[in-house]
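Feature annotations, reproduced from TrEMBL:
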- 71-457: domain 'SLC26A/SulP transporter' (DOMAIN)
- 75-100: transmembrane segment (TRANSMEM)
- 112-134: transmembrane segment (TRANSMEM)
- 146-169: transmembrane segment (TRANSMEM)
- 223-242: transmembrane segment (TRANSMEM)
- 263-282: transmembrane segment (TRANSMEM)
- 317-340: transmembrane segment (TRANSMEM)
- 389-412: transmembrane segment (TRANSMEM)
- 418-440: transmembrane segment (TRANSMEM)
- 452-485: transmembrane segment (TRANSMEM)
Amino acid sequence: MFNKTLNKEKDFEVNEEMLKEVTTKKSIDNGKEKEICSSYSNKRRHCKVKKMISNRLRILTWIDRYNWQWFVNDFIAGITLGLTIIPESIACALLAGLPARYGLCSAFIGSFIYLLCGSIDTVIMGPTSLVALVSVQFTVGKPIEFAFILTFLTGIVQLCMGCLGVGYIFEFISMPVIKAFSSATAILVMESQIKVLLGIKYLVAGLVESLKTLLNRYHEANYADFVMGLCAIIFLIIFESFEKFSKLSNINKMVRLLFRYLSFSRNTLIVLITAIISYIWLLDNPHTPYTLSKNALTGLPNFTLPMFTIEAPEKTYTFWQILMELNVGILVIPLVGVLTNISIGKLTPKGLVDTNQELLTVGLCNVAGSCFQSMPTSGAFTRYAISKACGLCTPLANLYSGVIVLLALSYLSPYFNFIPEATLAAILICSIFTLLDFKLPLRLWHESKRDFIVWLVCFVVCIVSGVEVGLFVSIIINVLHLLYLWARPEITVKIEDIDDMQYICVTPGNAIYFPAINHLRGKVLKATAQAKQRIPVVIDCHKITGLDFTAAQGFVKLAGGLRHDTTESDVTHDSSSCKSENDADGFAGDTLLILYRMQVHLQKLIDNAENLVFCESKEKIREFLTQEWLRNGFINLKEHIRASIDLGYKIEIERCE
């Protein structure tokens, strides 16, 4: 007895120790699991933060892969673009009605910001003729500070759009609209520079008013300006043709390289040559026979916030009055600026653009630029063409371009006074000429009349009423067309058969929502009315990815529309003839509606109907068709028995006496 008690006590101690070991082991395992889970959670959180930062600071996505070859390509492209952007910026400033210096003030801070956050490799930030042309329509005749506050408000609107994630609205701008928009802009810019080539001074908004003023004042033309501008255009055309020679394989490599960079530097060369001519002329004469650009300020711009109250000699503008004066320009300029970047991004090999990131980046560039007396900025097609030809690899070329502009502002500002305005006008005309594209409308005329009409409307409205009106009208036309396609989707209706059993096959082209369901019902009811006999309707729903409640109820109503009461014509005229069991239950006149391959989650929206069924396979359709053809008497007795046996039905034949 004592031994048994002792053994029990030992067993209890052993069990207690084992329990402690198991408990300790479990606690250790739980601790390890918690540590692993905590480590995994921290790692996951760290990855999310890193991804979020890299999505905004895009330089982090490529800087770790930067190599020597990229550096060489980016350096050459950056230097070339820097030399190109100087005369272009000055010309854009004059186009916007600003002194030449403010063009360069717009060409450096945006480059540095885009280097850090830009998502398109081939975009070089700076002033553009397109944005300048649209901006001048809202700032013409107003104090110069209006341009800076417009830049600030443009950036704020772009930042708000990017934060709200509304970049998808740019998907409503089709390629014909972009091409028509750019072609119309090119014509407007070239027309605006005709007066500069002729040496006539006026600044008005709109093509019609500009042409009226030009015709009324053509007698004021200065032939010296015209000759200078014409010579500059000829020079630029000749040097642009050098790029073709650089592609010839039978020429020495060094000669080809020389031709290539002479072509890229043509804008800088013509500015340098004509400025030297002006300088030499002024050594012996107090004035030149042609007009020179004016640049009152020198040196780097100071960092100052834009003025929200503008004092002019004739009036003091409050912030609210500034908003009223700028009007819809506060919305138009942001859209036009970002549209250029998006269009450039779509021309890249990938063709994918993060529109919200571009909105944030360009908005930040404009907000920061407004503190350095900048006009609204964006990418430019001319700079894209040069960057592509130079083999640009990353946005790092913005750094070199921005540094060159800063050097020009620091040391070359006094010499900008020697640049003839006609030379800058020639640069704008030759640069913007590449945007003209009349091959596309000819192709659209033959291949897509609808797109041709959209192109034509956009082009004409932009020319007559301004690019901002044309852009909005074109967007509205595109949206209305998409709504029409939504309300009238493509629906194919045809007669098909399985084992000689016919049915009406209906295939909708896309999602069916409430504007389209009546269109679908009309197509189906028309097809059944034209059929020689009452045969089932099969709607192939594999392309239907969306369905709303109204459309779901429309399918139920369609099933109801296919039901017909049994009439005397539906039964045998001989009163002594036999009736099958199926004829007796009242369904002899119903047309069966089969929804084929509809997604399960969409089926739940559709209420039950007596003549509406779902199926997922051809075999099931064959079964439904056989039942219907048996019920409607379209199969003779022998086929009736064979089909029924195949389907497992019990055959009962009543004899008529």
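Heads up, the Cβ atoms here are built off N, Cα and C, so glycines get one too.
TrEMBL does not curate its annotations; it predicts them automatically.
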Original post:
Quick one: do the transmembrane segment (317-340) and the transmembrane segment (146-169) have at least 3 Cβ pairs under 8 Å, skipping pairs fewer than 6 apart in sequence?
Top reply: yes
Subject >> Other parts of the chain folded back onto the transmembrane segment (146-169), taken as Cβ under 8 Å at six or more residues beyond its ends >> reply: 96-98, 102, 106, 135, 138-139, 306-308, 310, 322-323, 325-326, 329-331, 333-334, 337-338, 354-360, 362-370, 373-377
Original post:
Along the domain 'SLC26A/SulP transporter' (71-457), what average pLDDT does this model show?
Top reply: 86
